C-alpha cells in the first residue's frame, strides 16, 4: 500500500433503510475494498424488509445501530459517529507522523468500485485544502450510464448535473475539478471539517443536506472536488421513488423543493437572499402553473406547499443564517462560477429541440460515411418548409404595395389597429363602451384573442393584424400541409409494380405540397386580404387544424390510431375533442358562421359514420360543439337572440360587388382581389374526374359532400343582407367557399394520387392521361399565384393616414360627431363618432334602445330640412359636429347648409363639417335653457360644480341604467332619466365635487370565469406529461439530441464525431441489456 494512503484513517458509515434489494452487493463492495476502511459503522433506520437480517448475517447483530424509522439521513450519520466504534483506536506504525481522519458516507443502494476509496484518498493527498471529495456516480442497473460528476443548482434551486439523459461514460467528464457540491453517496469528508461545521443539518432529514454541507465547506475556505477515478454505482432508490421514505409522510418532491429553497436562502448574503426570495416566489408560481397545464396538479400542489413551508417559518431561516454567517459573502463570490447561467433559456431551447426531434421521421442513411448536413440544410430540405417559403415569396410579391407603404393597415372591412395591447385589454375588460351613444354590451371575443397575441408580440396589435392578414397565405399553407400528412398517405407498391415504379414515382410530399398550396391560394384567401377581412383570414389558417383534430375524434386516420392501445386512443380522442373546441372557439370569435357550419357538418358526420360503438366519437363531438359557445358567454347569447349576427365577421360590413352563380361555382366569393374564374377550372375538372375512382372512394365522396355542402351554404349566405351599424350589405360567402374549396381539394387529391401512380407505370396512354391530370391540378395554384402577383393585393385594403379626420373632432371625452350619408335609394344613414379613432371590435358592439330611436327622429328631421329644436336636441345628445363624406356627391350637403342651427366650419373634397350652435359635451349642467358643458373622461368623471340658484340637473349624455354611480361631496346621488334616454342627477344649489363612476363588477366576473374556462380547456387539450421516475421536478438532466455524450471539437467535427460514435456504439446498443446483478448470499459476502 502506498505510504500516503497509510496516513489516512477512514470511518465508513453505511445507512440502510429497506435496502435488502441492494445490501448484499453494497456490503460486499464495502468490505472488499482494495484499501479498506479502518472503521465501519452500520446503521439501520427501522427497515421492514430483510435488510436487518442481511446486516446481522454479515456484521453481527450486536454491531448494527438500530434507529427509529423516522430518523433522517443526517441524524443517522451523527448518531453513528457518536458510537464508540466510530472513534476506536487505530494502530499507528509511525506515531510521529500526523494522520488525517476521514468519514466515508455510503447509502445502502450505493456500491463502490473495488478501488473507489483508494482513488478518493489518493486525490485527497494531492492538496491539504481538499475537505470533501465525491466519486463519479454511475447507474446501478446500466453501469455504462453516468448519473453524477458533481452537482450544482441554478438561481431557482433546481438541481443541475450537467449531463445528458442516460449519457454513457466515455471518459468525457474525467478529471479532478472543483465543484459546488457532491452527492452524499460515496462522499468522503475530512473529519475535522465535519466536526467543525456540525456535519449535515439534521433538520433537512433527507435531500439537499449534501448541497448545504458543501456550501458551508466553501464558506470555511476549503475545497470540494470530484475525483472521477473513483466510481460508485448508485440506484437512487429514494429519489426515484423505488422505496418508501419512512422518515416522513409528506411527498418527497415537497421536501426536496423545500430544502432546495432553504439552502439558497440560508447560505446567500442578504442582498442576494432578498433577490432569491422574489425570484423563487415567481419561479414557483410559474412552475406550478406549468405543472397544472401539463396535467400534474399533484406536483403543482407540492411545489406551492414547499414554497409556503419556507416562507411561513422565518425563525428557522433566521437561526440557520446566523449559524452560517462566517464566510458567507466570500463563499458567494467563489461559488458563483459554479452556478449555470441562462439555464432557463437553455432548457427551453432543449425542450423545443426535443419536441422537434420527437416528431421528426427518422431517415435512413445509405452512406454512413457521408457528411451529415447542418441544421439549416436539414430544415430547408423539408418540403413543408420549402412550401411555406415559396408561399411567403409569392405573398411578398403580391403585397408589395402594402409592405412598402408607411402607416397601419385599414380599409374595406378592416379597422386600423391603433394603440397597443393595453388598449385592447382595456377595451375587452371594460363594462362600458363609449361607442356611438354608448352601450354596456361586451366586446366581441376576438378582441380578447388579439389582446393575447398582441401581448405575446411585444404589445403591437398592428403587427398581429399584419401577420394574420398579410401572412394568412403562408400560414394557411403550413396548416394545410400539416393536415395533408394525415389525409394524403402513400400507397405501398409490392412486387413487379414496386420494381417498375422505382425512381419514377411522384413523391407523396409533392402531392401534399400541391394540396397545401392550392388551399392557401383559394379565391377566398386572396379576396379576404384585398377586402381586409381579418376573420376570413383567421378561419383560412385554422380550418385545416380543425379538420385534422376532428378526424382524430372519430379515430381517423385508422393507420395512425392502430399504433396505440385502446386506452391511449381514447385519451388522444379526448384531447383532440378539446383541441377542436378551442380552435373552433377562436374561429367562431372571428366568424360566428363557422360554429353553425361545424354543427351542420357534425350532423352529416353523425348520420354517415356514427355506429353503436362510436360512443367516444359522439362524446367528442358534443364537447367540440358545446364548449365554444360556453367559452364566449355572454356574447354568444346575443348570437342566439339575433341570428343575423351569425352572418357577420370581425370588422366592418362594407358593400362589395356580389358574386354571381357562376362565380360561386368557381369558388369565387365576389369582391376585389379574387382571380379570374378560369384560374381554378383545372382543379374543378380534376375533382370531377375523381368521381369514377374505386380506390380512395371514401375520400372522394367525403370531399364532394363537403364541397356541395359548402356551396349550398355559400348560396344561402350570399342571398342574405346583413345590417351592422350604419352599413347594410350582402353577407360575404368567403368562409363557406373555403369549406367548399377544401372539399374539392380532398376529392381532387385522390385523383392526383392515382395519376401519380399511373405516371410511374409503363403504359404510354395511361401515363399520358396521368400527366394531363397532374398538369390540370397544377394550374390552380400556379395561375392563382401568378394572377395575384401580377394584379397585386389591390382593393380597399391599404395604409391609412391617422390624421384624415380634423383634430378638433377627436378630443377624448369631448362632444360627438354625427356622420351623415344619403344612400342612392334615398335613405340617410348615420354614424356617431366620438373621442379617438375607431377601434377594433367597436363595430360589433350592439347598440340600440331609446337613445337611437331619439337619434333616428332627429336625423330624419335634419334630412328633411325640418325647422324646430333639432339643434338644441342634438346638443343634449352630446352632438357638436356634423360631417358629410364627399360633400359634392351627397345632396344632403345643401340641406345642412340651409339649416339656421348649423354653421359650416370647413369643406374639402373628402369631407365637410358643420357645427351645432349650442355648445355640447358628454356631461352638461342644465339650468332652464342654459347648457354649461363640463369636462369628462371616456367613462368616469370628476368635476367641481360651483354654487348656484334654482333647480339644476347634471345631464350625462349616455343611456340611463343602474350601472352609473354618482356622488356629490361623497354623498351618493339618485339618478333618473332625462329626455327619455339619458342619465341625469339633480344638483343642489350648494354644488360641490361631483364624481361619476361606472360599475363593471358583472363584466369583470364574466371575464374571470371565461379566463378560468379557457385555461381549463387549454389544459385538457394539451398532452399530459410523461411519467418520469428518474428525478423530481427539481432535478434537471439535459436530454440528448441525437447523441449520448462525448466531446465536441468544432461544429463539423462535432457532427462527424457524433456520427462515428453512434456507428461505433451501434453494435453495443443492439446487445441485450446487462443482466441484473446476482444478489450474493450473506455467507458469500462474509
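Cβ atoms are placed via backbone N, Cα and C, with glycine included.
Predicted, not measured: the structure shown is a model, and the values here were computed from it.
For 462-481 (among others), the entry in TrEMBL reads transmembrane segment.
The feature transmembrane segment is assigned by TrEMBL to 501-522 (among others).
Residues or ranges marked as transmembrane segment by TrEMBL: 534-556 (among others). With a cut-off of 8 Å between Cβ atoms, the residues of this chain six or more beyond the transmembrane segment (534-556) that come close are 413-414, 446, 465, 468-469, 472, 475-476, 479-480, 482-483, 486, 519-520, 522, 524-525, 528, 569, 572-573, 576-577, 579-580, 583-584, 586-587, 590-591, 594, 598, 605, 609, 614, 616-617, 620-621, 624, 649-651, 732, 734-735, 738-739, 742.
Look at TrEMBL and you will find 576-609 (among others) tagged as transmembrane segment.
The transmembrane segment feature in TrEMBL is assigned to 676-693 (among others).
Same-chain residues lying 6+ beyond the ends of the transmembrane segment (700-719) with a Cβ under 8 Å from its Cβ atoms: 593, 597, 600-601, 604, 647, 658-659, 661, 664-665, 669-670, 687, 690-691, 693, 730-733, 736-751. The annotation transmembrane segment is assigned in TrEMBL to 700-719 (among others).
For 731-752 (among others), the entry in TrEMBL reads transmembrane segment. If you look at the transmembrane segment (731-752), the same-chain residues 6 or more away from its ends with a CB under 8 A from one of its CBs are 484, 487-488, 511, 514-515, 518-519, 522-525, 527-528, 531, 533, 535-536, 539-540, 543-544, 547, 591, 593-594, 597, 601, 647-649, 656, 659, 664, 667-671, 683-684, 686-687, 689-691, 693, 695-696, 699-700, 702-711, 713-715, 717-718, 720-722, 773-774, 777.
Positions annotated as transmembrane segment by TrEMBL: 764-790 (among others).
Annotation comment: TrEMBL describes 1006-1025 (among others) as transmembrane segment. Within its own chain, the transmembrane segment (1006-1025) is flanked in space by residues 291-296, 428-429, 442, 448, 571, 574-575, 578-579, 581-582, 585, 627, 630-634, which lie at least six positions past its ends and keep a Cβ under 8 Å from the stretch.
Among the features that TrEMBL reports, region 'Disordered' is placed at 1032-1086.
Per TrEMBL, the feature compositional bias 'Basic residues' maps to 1053-1065.
Sequence annotations record features per position, and here TrEMBL assigns compositional bias 'Basic and acidic residues' to 1066-1086.
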Worksheet item: Where among 462-481, 576-609, 764-790 do we find the most Cβ pairs under 8 Å to the transmembrane segment (676-693)?
Response: 764-790
